[in-house]
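Worksheet: one structure, shown below.
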Amino acid sequence: PHAALALLGSSVAAVVVWKWLRKRQIQKKMEEARRTRDEGMKKMAKAVQQFREQVPSVQRDAILSLPLLELTAGLQEGALSPKTVLYTYLEKALEVTQQTNCLRHFIPECEEQLQEIQRRKEKGLLYGIPVSIKDHISHKGNLSTCGLVQCLGTPVQEDSVLVKVLKRQGAIPFAMTNVPQSLFSYDCSNPIFGQTLNPFNHQKSPGGSSGGEGALIAGGGSILGIGSDIGGSIRLPSSFCGLCGLKPTAQRLSVWYTHLLNVDVCSHLTPVSCALGPMARDVDSLALCMKALLCQEMFQLDPTVPPIPFNEEVYSSSAPLRIGYYDTDGYFPLPPCMRRAVRETRAALQAAGHQLVPFSPPRIHYVMTELFLKTFFADGGRAWLNVFTGNIVDPSLKSQVNCWKIPRLVKKLLALILKPLQFLLLLKLKNVTIISICRSVKEMWNHHHEIEAYRTEFITRWRELQLDVVLCPVLGPAFTTGYPGKLLTAISSTMLYNVLNFPAGVVPVSTVTEADEEELKLYQGCCGDAWDRTLKQAVAGAVGLPVAVQCVALPWREELCLRFMKEVETLSCKK
């Protein structure tokens, strides 16, 4: 017995020591990643300083104030040099990231790309334009971390197709931006590189998962960025940061060689796919980016992308539109300012000669719980939990991770106990966890069929009303940091169009007013329960922050979606 106890004790001690060493190894890896990032920032700051000393006469503010179309024209005509524009944006990006922590790192190879485009005889559509890209979009020689320890230390070996096409069109990828851990969050924080802040209010989140892009562009440190969207990850940062952002139909732009981790499963084997898309300060910038990307180079590099060039005629059309609209989806009531934005935009569109038709999206509760979340957590969340090496979990994700770690039997019991008490916050979270599992291949195929059936139902209703596009709300204004992790299913307004695989874009149309803030005090939400009170707390103190609307079109109609977004943008500027 004494020997057995000694053996047991030594075994326990060995496990404790092993865990401590493992944790220490992970901490060192994270510290090394931060040190490498900081050294890269210092090198870039030094390069910027040297450029400023060599060319002290650069009109920095004038360059930064130019819209993308004007900047492109200046570069094409030779009035501006690519080097001047690049270093101007590098300098501004350094300032913005010091305030918001939006950059994961600068891309050192941007100087090589600068030299390369200057040697070419032909200038692409994005000649000399500095472009920022989201962390997980692969750039040769750089990490794609997804905010995860397991991705540190192994640089990618090849540019993603999208990066190759950007370079071919003369763009200069110059920075990779921060993301939330695992990408599955609409906050922007990870244990390696920390929390990114909203440039308009440092108490607020920039949104996610393309939050680093949102903060950098809104802060003026980038003029064009590429994000990704599988539940709202382009549109939510655009809403929170006052930007224009487009989620295309998932297969319209290539995702080849884009690092998606466990999201790979969702992108290629399930019917809800990840889409890459542009983010910028105006709609014309999005259109130019799409026009540049939808070229023969992309179609040749990725034969799975339909060879459909950008249709300028559709984008430039001025014909009146038949527009469906709604200001609530009936699942998660949004703050008063977001519904106000839809009503005001609807009135402006009607006054401009467009036809507005009430539209109600069907069965959003079913879509959210049975279609969307079940796609990602069909295995009970096991694949997602496996990416958290050494149990290192960002605080913004801990409640979700802990929820998925609860044994299934315990969750069933909790749901039964809590149901009579109507603690809706807990109840909804537990019910989502319980139903979001496929127990067999047959159940998975049935799940795929249910999504296709819902798409057919939705399109049928759309066509019965003879709609061109739909105007609807988007989640906002910007949440206080830490709150997105408490309100996962508040993203129903955006996730619907991922399930449907419709192109959808966000346009800022207003700002939060004092009257909005007063009306928020009376907000009851769905039931006036704990969840509704949490949303109220999340968006409080937002006076002056951007308020946006969402514009939607049928699949493969990105040009029509952009044309509608442009109309909304134009009318909002006339207010």
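Placed from the backbone N, Cα and C atoms, the Cβ positions cover glycine too.
These come from TrEMBL:
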type	residues	note
ACT_SITE	Lys134	active site, charge relay system
ACT_SITE	Ser209	active site, charge relay system
ACT_SITE	Ser233	active site, acyl-ester intermediate
BINDING	Leu183, Ser209, Ile230, Gly231, Gly232, Ser233	substrate binding site
COILED	23-50	coiled coil
DOMAIN	85-562	domain 'Amidase'
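Non-local neighbours of the coiled coil (23-50) in the same chain are 87, 90-91, 94, 97, 103-106, 108, 111, 143, 145, 149, 152-153, 191-193, 389-390, 392; each lies 6+ residues outside the stretch with a CB under 8 Å from one of its CB atoms. Under a cutoff of 8 A between CB atoms, and with a sequence separation of 6+ in the same chain, the neighbours of Ser233 (active site, acyl-ester intermediate) are Leu183, Tyr186, Gly208, Ser209, Ser210, Gly227. Of all the Cβ atoms in the protein chains shown, 34 others lie within 10 Å of the Cβ of Ser209 (active site, charge relay system). Annotated substrate site Leu183, Ser209, Ile230, Gly231, Gly232, Ser233; additional same-chain residues within 8 Å of its Cβ mean position, judged by their own Cβ, are Phe184, Ser185, Tyr186, Gly208, Ser210, Ser228, Asp229, Ile234, Leu236, Cys274. Around Gly231 (substrate binding site), taking its Cβ as the centre, 29 other Cβ atoms fall within 10 Å, counting all chains.
Residues belonging to the domain 'Amidase' (85-562) score a mean pLDDT of 91 in the model. Among the binding-site residues Ile230, Gly231, Gly232, no residue is found with its Cα located within 10 Å of the Cα of Lys134 (active site, charge relay system).
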